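Down below is the structure, laid out as structure tokens.
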Amino acid sequence: MGKRNKDDKQSPLIALLPGAKIDSEKGKITVNIGISKETVIFNIGGVKFETYKSTLYRQPDSPLANEEFLQKHFRSNKKEYFFDRDPAMFKAILNYLRTGELHMPPYMCGPAAKLELEFWGIPDSIIEKCCYTHYNAYNSTLRALNRLERDRHGSFDYPDDIHTNKKMSKWKRIRSKASIILNHPEKSTSAKVYGMVSLLVVAISILSFLAETHPSIQVKETVYDVSFVYNATTNITTNSTTQKEVVMPHPVLDIIDHSCMAFFTIEYILRVVLSLRRLVYVRSLMGIIDLFALLPDYIQLIMFSISKHLAHTSFTRIITILKITRILRIFRLVRHVPGLWILVYTLKASLRELLLMVAFLFVGMLIFSSLIYYVDDREIFTSIPHSFWWALITMTTVGYGDMYPVTALGYVIGSLTAMCGLLMIGFSVPILVNNFITYYQYVEFAIQDEKLKREKSEILDDPLIGDQEMTKNNNSYR
């Protein structure tokens, strides 16, 4: 029996059959043919169902109303139709033939129910509204998890046995092995060692970035600021030198930064050169972070190597601000901490919900900042844009206390703002929490499943252990 699309509709010619009944509200046609009390028996996965034969013809488009289809599954010795299918779904389908309404079992998994509906030739678009939300939630979750699995592997997703493929060239085998070391620390000892080293360097780099701002690790140096003054009257240019003391990070931190920069540079080059899909990595979020975390260091290094007098010019201060991007190195931990990756992925996958929350927040800010401006003290709330801050802090239940109402109407507006903020958080945050829990549980399962498959593959690859396992399995079958 061929599969039917979800948009399939009943043929309007069915309405011409004797006993046809048209439901204009639901757009359905049922046919009541005859008053025969002849019954048929269906054996569905070992569970027997008996119904009137006339019931099967109440939905003429159903394959159960097709005699040719039924005869393929008829067992003459038992005088029943046998289908090795799910009995719970068949019960729902049989009730659909009786009543014209398709209700789904609440415990039935959506993708499994979809396969049953496709077999029986029933489009899922006719599922009743009370059941469709539950049915569609399963399918939406499955699609989201499939996207998660593709994104989780990223641009370095290789089969476990790809490095043992004899048909692969030597260079590709090297690239595949190096890719596993760089991206899959759980697959080999060397990859695990490299992952620990990479994690240590990332931690040292972040600690160095934080330590250079601490007074106890800073040193004072004397610098000379040379300025040039042009006298238009005498047409003479004179220079003046100003001596001043500036605070600089300890020289040891510079050595640490340069060492970490060299490590990250080599790692970035290796990832680009050894990747079988270079453009995918370069354009990916992690590739962009890796690149932009290195650029400010190299720009500053080139400038300082040209002239040390540039160390405290305004242009170099801009480069120092750009060094803040080094904090992006913390996202390298995503490769080593699955929970951090899931958090980032949840925010990315829940972008629509986040935008909805921002929209709620913006509307609330606009309304309550306007109200508080007109009913409270103008010395505290000097303008509506200035009141945005108070509305934002109140709706998010933070409440710094730097701005607060002082009038009776102001108290009322403040109370309403806080309550609306709680409602906004209550509506939007559970969606993010549910997404995170779903993704986290799936990734934990996937990691455990990959680990078991890898251990099983290692056992089978060992000739001695593999023969013992095969002998044990053969004996168990006997």
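Cβ coordinates come from backbone N, Cα and C, glycine included.
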Which of these ranges is annotated transmembrane segment in TrEMBL: 251-267, 387-403? 387-403
Take a look at 193-211, 280-306, 354-375, 387-403 and tell me which one has the most Cβ pairs under 8 Å to the transmembrane segment (409-433). 354-375
Looking only at the domain 'BTB' (38-106), how are its residues distributed among DSSP helix, strand and coil? 25 helix, 19 strand, 25 coil
Spatial neighbours of the transmembrane segment (387-403) far in sequence, C-beta under 8 Å, 6+ residues away: 361, 364-365, 368-370, 372-373, 380-381, 414, 417-418, 420-422, 424-425
